[in-house]
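First the structure, in the form of structure tokens, and then the observations on it.
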Amino acid sequence: MGKGVGRDKYEPAAVSEHGDKKKAKKERDMDELKKEVSMDDHKLSLDELHRKYGTDLNRGLTTARAAEILARDGPNALTPPPTTPEWVKFCRQLFGGFSMLLWIGAVLCFLAYGIQAATEEEPQNDNLYLGVVLSAVVIITGCFSYYQEAKSSKIMESFKNMVPQQALVIRNGEKMSINAEEVVVGDLVEVKGGDRIPADLRIISANGCKVDNSSLTGESEPQTRSPDFTNENPLETRNIAFFSTNCVEGTARGIVVYTGDRTVMGRIATLASGLEGGQTPIAAEIEHFIHIITGVAVFLGVSFFILSLILEYTWLEAVIFLIGIIVANVPEGLLATVTVCLTLTAKRMARKNCLVKNLEAVETLGSTSTICSDKTGTLTQNRMTVAHMWFDNQIHEADTTENQSGVSFDKTSATWLALSRIAGLCNRAVFQANQDNLPILKRAVAGDASESALLKCIEVCCGSVKEMRERYAKIVEIPFNSTNKYQLSIHKNANAGEPRHLLVMKGAPERILDRCSSILIHGKEQPLDEELKDAFQNAYLELGGLGERVLGFCHLMLPDEQFPEGFQFDTDDVNFPVDNLCFVGLISMIDPPRAAVPDAVGKCRSAGIKVIMVTGDHPITAKAIAKGVGIISEGNETVEDIAARLNIPVSQVNPRDARACVVHGSDLKDMTPEQLDDILKYHTEIVFARTSPQQKLIIVEGCQRQGAIVAVTGDGVNDSPALKKADIGVAMGIAGSDVSKQAADMILLDDNFASIVTGVEEGRLIFDNLKKSIAYTLTSNIPEITPFLIFIIANIPLPLGTVTILCIDLGTDMVPAISLAYEQAESDIMKRQPRNPQTDKLVNERLISMAYGQIGMIQALGGFFTYFVIMAENGFLPNHLLGIRVTWDDRWINDVEDSYGQQWTYEQRKIVEFTCHTAFFVSIVVVQWADLVICKTRRNSVFQQGMKNKILIFGLFEETALAAFLSYCPGMGVALRMYPLKPTWWFCAFPYSLLIFVYDEVRKLIIRRRPGGWVEKETYY
């Protein structure tokens, strides 16, 4: 058997080269896959096919030959995409991004403890505790995130059922049913209605065969398959049937030309699994944030390391300080906060039918600036529906709404009765059994999409079609074929006063009209004159221009003299009239838009998101749906529209004058990347029609070159490469193929485009709320670090210890920080432009300056005020504390004098110091009350926003209760070195808390009064 042209190109080569060679080869393979499908089998005659594959076109291959080929090519199955082992996924959660910062902190803590253990007789265990706690935080949060993602991938596992199981092949002249994996190139295969196509086939004979290619090309209409070579493009020609598409009716026989990964479907799957998904925007934001925090920590650490050497501390002490400052800068609780916030949003989205596969995708949808949407099933209902009829010389509109709440038309006309009778009788579609309790539009139908649409329409308008068919029993029929372009049947007519036989016919409108000499108007036959022919032509063009599929209908009462009862009608040697019939009307069908889509597209537009339609369907249909859902808005013209309006050739119109643009896949094939960039840049409303899977990918890459964050929706296998390449891929849960669900980051459980808009809203909200959570969490870093810094510089007893810092970060601050995730939007977040990933960061300099430089400093003052009050009440006035550290911390000195000359032992001094730690901790809780309330909003006043967030109010009480518990619970002095406080000491920080609230309210007032002013530029994060 000859080895087929173009075959070598797709052989998955053995991976032998290393390093760069391997990478270059991968890139070359990807470029190869992005090219259009190249095959020439559809152009070959049957003799050439026989020579190329060595197959007997009647007897098939011999069993021995088939076994040889199977050994050479391997099984006819898609290579499963390389899956990430579970332990790698787990490690990613443990060591990715933010976790790394905490691990470094933990290692530094153990290092500091090691240094202390080696140099001191009785080292303090603080650093050891801190190291252990940091490690525990990372491990627990890592397990939590891993569990979240594993849960989503479990749902994914349940989707696997893509590949056909059995195939009917002819070998040694006998038909045999074999496992589809054993089909080989050159096999002679038979398929019938209801089968999945087992491999790429070159059809050699067919009988009324139609296939559903929607999972591959996106066309909702079944495509005819026959042995004829009808198009240069292998995806468009009629004599190739593709692996894993469905045969919906008829039978066909074909020769296998490609199997497994070499099939068109296989190439798409390989293309999808070979694409690298980029970093998600939120991951980039967290990385940016880590850089900032690390920068601040290292800067402070090194500055004070040098300062402590200048102040004549020893090297080892200076290193301990350095480590202490760096660790104090790490916000221990933030990793858990971010994870919990994203999880809460993911749960909220799941309730609204968006299943998110990885947590980071939650926010990506919020920063989306371009959505490339598939048409069939996403924007539309994925069911052909009767949209218009033309009879009695006027166009009537049918009801296309999902719940039949739309307009109706006049059903009393005698012509409509005749038209509905033809549509019901000349129709092979039937409702499947046992569905009487379902609404008509929801019932499953056996038959092609157009006939199902007619069946449902007639059932809704005129009652039971089954009864109609019983009343007019079918005698003979000629099924639709591509040469005649019509379908005809003859029925018994039981109506009194009418001839006994009724001939009904439907088909391509122009072919039907050619066979008619009269037309039915208001139930009366009239001769078909030029005027009526023009009226027909205008109606046909108008309906076709709406992107609808139009069928013509005619009938003839067969005279009883020529066709008495029992007449033998012969369909092979036609013995009845098929000309001079009576034209009755036109019916047009379309896959109508979903009800919620126009509103969703409008919301996207006001949110600054560009919606681009990318479909495999015809440009006219695509444009009609785009106009119907608002992707091309009212009054916006394409180049063709302008040319038609000005009555000039298209070539004379300047493309930049047109806001809207419909691009045909064949034009896209010849475009340079620069030309595509031009289209994406200068047109606001774009439709790509007749695109191939590879082109979808090129469009997504083009949008990303413009700096857009791209979301792609799709349900077919053909969408999977684009889904994988996009910043966020959105697959359909009901109609989606498994390959597309595997490639996507998010799944719409109800297949509705409107759910994406909900997702965008949730994504934007979580971004805003994460900012607030981070601002809240970071603020307490300053009152945690400054005591340590003053301890080094001013040589005073340590005002706040390590253990108390942990109680704040992992205790009192956690619930309030998470409660901000429940905060409602301040303004209509769907009215603003998408954020610019380059300039609008999650954590920017302004947020750091607010948290560290302004609010944090006021908090630190509150803490120090409490510290000095308690020290003074115990006899140590502020001026006496300066420089006392060395003697204070010396366990052998038991006679340190205070300002009044009283002597203090080491134990007594330490109890006062730990009481100060507790009081400083409580002061931070008190000032964090105000911080939590001001973090609710970034621009509005808290009085405008209100205190509707119940979780936040719970958080305020929870942190206060926790602080009181840690302070007053017996035994805390031993466990955490925390001692009970006098009630008056709680109030020391109150004025500072009030100051924070007033300061921030005034700042926000100025921002609202002077938008774009100095205060907004410097402090609005």
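Glycine residues also receive a Cβ, built from the backbone N, Cα and C atoms like all the rest.
Look at the topological domains in Swiss-Prot: Leu57 and Asn940 end up on the same side of the membrane.
The CA atom of Ser450 (phosphoserine) is located 14 Å away from the CA atom of Lys485 (ATP binding site). Among residues of the same chain six or more beyond the topological domain 'Cytoplasmic' (1005-1021), those with a C-beta under 8 A of the stretch's C-beta atoms are 771, 775, 844, 846-847, 849-850, 854, 938-941.
A Cβ distance under 8 Å defines the sequence-distant neighbours of the transmembrane segment (319-336), meaning residues of its chain 6+ beyond its ends; these are 98-99, 101-102, 105, 108-109, 111-112, 115-116, 127, 130, 133-134, 137-138, 140-141, 144, 293, 296-298, 300-302, 304-305, 308, 313, 773-774, 777-778, 781, 784-785, 788-789, 792, 802, 805-806, 809-810, 813-814, 817. Look at the topological domain 'Cytoplasmic' (1005-1021): DSSP puts its residues at 11 helix, 0 strand, 6 coil. Summed and averaged per residue, pLDDT over the topological domain 'Cytoplasmic' (337-770) gives 89.
Through the fold, the transmembrane segment (842-864) approaches residues 282, 285-286, 288-289, 292, 296, 767, 770-771, 774-775, 778-783, 786-787, 790, 799-800, 920, 923-924, 926-928, 931, 934, 988-989, 991-993, 995-996, 999-1000, 1018-1021 of its own chain, all at least 6 residues removed from its boundaries and within a Cβ separation under 8 Å.
Through the fold, the topological domain 'Extracellular' (791-800) approaches residues 304, 307-308, 311, 313, 321, 783-784, 863-864, 867, 871, 881-886, 888-889, 909, 913, 916-917, 920-921 of its own chain, all at least 6 residues removed from its boundaries and within a Cβ separation under 8 Å. When the Cα atoms are compared, Ser226 (phosphoserine) and Asp719 (Mg(2+) binding site) turn out to be 27 Å apart.
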